[in-house]
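According to TrEMBL, the protein has these features:
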BINDING   E84, R85, V130, V243, W522, H523, G551, P562, Q563  FAD binding site
DISULFID  C458-C514  disulfide bond
DOMAIN    288-302  domain 'Glucose-methanol-choline oxidoreductase N-terminal'
SIGNAL    1-27  signal peptide
Amino acid sequence: MALVGTVKLFLFLVLLCLLHLLSSCQGRENWVKSQYPFIKRASSFYRDGHEREKGYDYIIVGGGTAGCPLAATLSQNFSVLLLERGGVPFTNANVSLLRNFHIGLADTSPTSASQAFASTDGVINARARVLGGGSAINAGFYTRASSRFIKKVGWDEKLVNESYSWVEKRIVHRPKLTDWQKTFTDSLLDVGISPFNGFTYDHLYGTKVGGTIFDRFGRRHTTAELLPSGNPDNLMVLVHATVQRLIFDTTHGKKPKAIGVVFKDETGNPHKVFLSSRRQSEVILSSGAIATPQMLLLSGIGPRDDLEKWNISMVLHNEFVGKDMADNPLNSIFVPSNRPVQQSLIQAVGITKHGVYIESSSGFGQSRESIHCHHGLLSAEIGQLSTIPPKQRTPEAIQTYIKSKRDIPHEAFKGGFILEKVANPFSKGHLSLINTNIDDNPAVTFNYFHHPYDLHRCVEGVRMLTKIADSEYFTNFTQCDKETLDKLLNISVKANINLIPKHTNDTKSLEQFCKDTVITIWHYHGGCLVDKVVSHDLKVLGVTRLRIIDGSTFSESPGTNPQATVMMMGRYMGLKILMDRLGKRAGT
């Protein structure tokens, strides 16, 4: 009888837990509906009568870092349909919580906010698949572009600053430095990366503390939270709406004209949606540096030979679509610690005059919650896998490694990484289709260190990393003895362990270390450059009513970390479009 009573009590407690879970989920869902009534699942669009018979003034493809502030701004005066292939970020703990940053990147399920891909160089990378885009999966660091960059792209400096401020007032926070980050900041100054510029959003030589989109509770604030700043009566956001291709009017004798898009909902059903008949209505691509050139190619804009290869009807021949792709190479060294290290993402940066940026993270090398996961930038195995020649980086090799590390002691990963990123790489690559399925990653080559100047700067950066790791501030903090250069580099190549085959790494050669351990910090850009694919106002050359507003138009990544400028770009271009179209009536 006692056993029966125990079982009943256990079942009762399980039922209570399930009811609490359901209530919590329902509560979060109700909160999203009340705060964001304009967000709908793609399948409900026609079923519930949300479509506009007159069409939309703006159809934005991609609800990411630029797409959300752009949609909010344009909706102040015009009807906007924002199409996002992923779901919402608000109820996803892997997106919302700083402590789950690495788990979100490791999630390879079809509904993950992060879609993994590997460049043909063999570097594992990620792209966003969620409302909020990269701001929902990145390390959260917020810092403005240099004044040189703003002048180079020809933007209005006053409007740029107003647009940055608009973003900052809504979702950006001042970080509380962890002990690791304080030690890192002191070490930057100790090795001569000065002056100390304190807390600032500005891009200044020396050492500074930047902003973050994580609040003091460790909760992330993505660009999706900028959407309520728009006019809800003019704004419709569809999630799980995967755009397949653009629709053009190709009447003979006229420039091709964008008139709408075809998208697929979460059930797989296709739909067409069209622009209004107003002359200035536009389709705007804000899908990022991978998906935007891919979308142009799938829609018939690109190199003739590439389109013919996949039997895609050519709308416009443009040899530059998918060209001039670049990714800032990142190399890091692992700094072991004999004391517990709090998790921290990027909070401070050293901006050198050598074309190198230095940042740091801690406590993510391995965690008890994700002992079986791979963790992107901050993982031991990514650094390890990058030492294997590309042809040997098979899915089987990756899975073998992940499986073999299940019994690795958690303590083996205490410490953090010091990172160096090469600014404005001279090495350029390209993007091309591998099939006609928008859900699949295209083939991307970045040609890391193809240009010798990039390699030279990496060597300079690695030298600085080793000096920082050996500073008295870090040795006092970690309670570890100073390491020799050779030992420090070997620790970093192996990330404490050596469980998979690799080429023997000659750590006497910093050039070889750079090549063997290159990874990404997800700052890839290009593919639709100004004067090659788009005009200076970002309209696609050779067609009408089509514009691109995202990082694919950049020839360099702005600032130390680009998200601030991509967010600002969405707001800035939205204001420019309103002012160009309405003048003083824009009310901006």
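Glycine is treated like the rest: Cβ placed from N, Cα and C.
Predicted automatically and left uncurated, TrEMBL annotations should be read as such.
What TrEMBL annotates, mapped onto the structure for a quick look.
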residue: E84; record: FAD binding site; Cβ neighbours (10 Å): 32
residue: V130; record: FAD binding site; Cβ neighbours (10 Å): 29
residue: C458; record: disulfide bond; Cβ neighbours (10 Å): 28
residue: C514; record: disulfide bond; Cβ neighbours (10 Å): 23
residue: W522; record: FAD binding site; Cβ neighbours (10 Å): 24
residue: G551; record: FAD binding site; Cβ neighbours (10 Å): 28
residue: Q563; record: FAD binding site; Cβ neighbours (10 Å): 27
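The DSSP breakdown of the domain 'Glucose-methanol-choline oxidoreductase N-terminal' (288-302), given as helix, strand and coil counts, is 11 helix, 2 strand, 2 coil.
Between the C-alpha atoms of Q563 (FAD binding site) and C458 (disulfide bond), the distance comes to 23 Å. The average pLDDT computed for the domain 'Glucose-methanol-choline oxidoreductase N-terminal' (288-302) is 98. The two recorded residues, V130 (FAD binding site) and C514 (disulfide bond), show a Cα separation of 32 Å. Looking at C458 (disulfide bond) and G551 (FAD binding site), their Cα atoms lie 23 Å from each other.
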